[in-house]
Amino acid sequence: MSSKQTQLKKGKQPSWIEIYLPKEVRPYAHLARLDKPIGSWLLAWPAFWSVALIADLGSLPKMLAIFGWWAVWIRGAGCTINDYFDRDFDKKVERTKSRPLASGAVSPAKGLWWLAFQLFIGLGVLYQFNILTLALAIVHVPFVFAYPLMKRITYWPQAFLGVMISWGALLGSSALKGSVVPSIAYPLYISSFFWTLVYDTIYAHQDKVDDAKAGIKSTALRFGDATKIWITWFGIGCIGALLLGGFIVNIGLPYYVFLAIATGQLIWQIFTVDLSSPMDCGKKFVSNQWFGAIIFTGILVGRLFP
């Protein structure tokens, strides 16, 4: 039975991958999660925030395109290495057992070749920048590789993910300024770190039952019934860092209006999410693309109307 037929049998609509891509490349597109762009958005937003705060309007579209390209391919590489390390675990989890490496649609060796290709394409686009930016991008890769292993050794893999996924805030600064400017990059990095702890803890609640059986650790299992208390504090850290960052660079008042809207979105997530419902956890997780977009818009408008 084809993947498209399987999805229809389960009542799911086939993604654009099944509709438009040749059969031979579909497993690789699924391995990179190309039909689920939320991960690319979450990796891209810290870079977009940094670029929006620094770039002149004329170069902004080009810079966003470059870092958007980087985010898609590096996120894809992250998904590939995650699935490579987790292929035996994924077979035991209902939500992940059909992934290409777990199901056997892609062999481990071919998965590693696909990983190398994605890294080459993702890092190659940054070659046009200064040596510091390229070096930071290369240093980032071991963090991408190590993240899947953190789930085996600590209940805080989400914190490690925060370190890794916030990297774009540093890259945006180094690409445009030639250095990591603390007043610009650090508040954005810290806010993204705490934001990651919020949304990925919510995400981890989708699989907490299967994860506990498989021996996979997460903040969802660590916090348990106290999850909302923990992620409320993380949310305060996120908004606090964004507030401080705005003050440091003396951004315009409209930024704070958008920050208030983003705060409302984050409060809505935290206080309405049903942590016992994998479906609701998934929806709240995906809604974070809008949190990132609101902050990005606020930075732009705050710069235009100081």
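If you go along the chain as it appears here, the first residue is 1 and each next one adds 1.
Quick reminder: no glycine exception, Cβ is built from N, Cα and C everywhere.
Positions annotated as transmembrane segment by Swiss-Prot, on the basis of sequence analysis: 38-58, 61-81, 119-139, 153-173, 178-198, 229-249, 251-271, 285-305.
Two recorded stretches are said to be in contact when at least 3 C-beta pairs lie under 8 angstroms, sequence spacing 6 or more; the transmembrane segment (178-198) and the transmembrane segment (38-58) meet this definition.
Counting residues 6+ beyond its ends, the transmembrane segment (61-81) has Cβ neighbours under 8 Å at 31-34, 37, 39-41, 43-44, 47-48, 51, 55, 111, 114-115, 118-119, 121-123, 125-126, 128, 137, 140-141, 144-145, 147-148, 164, 168, 171-172, 175-176 in the same chain.
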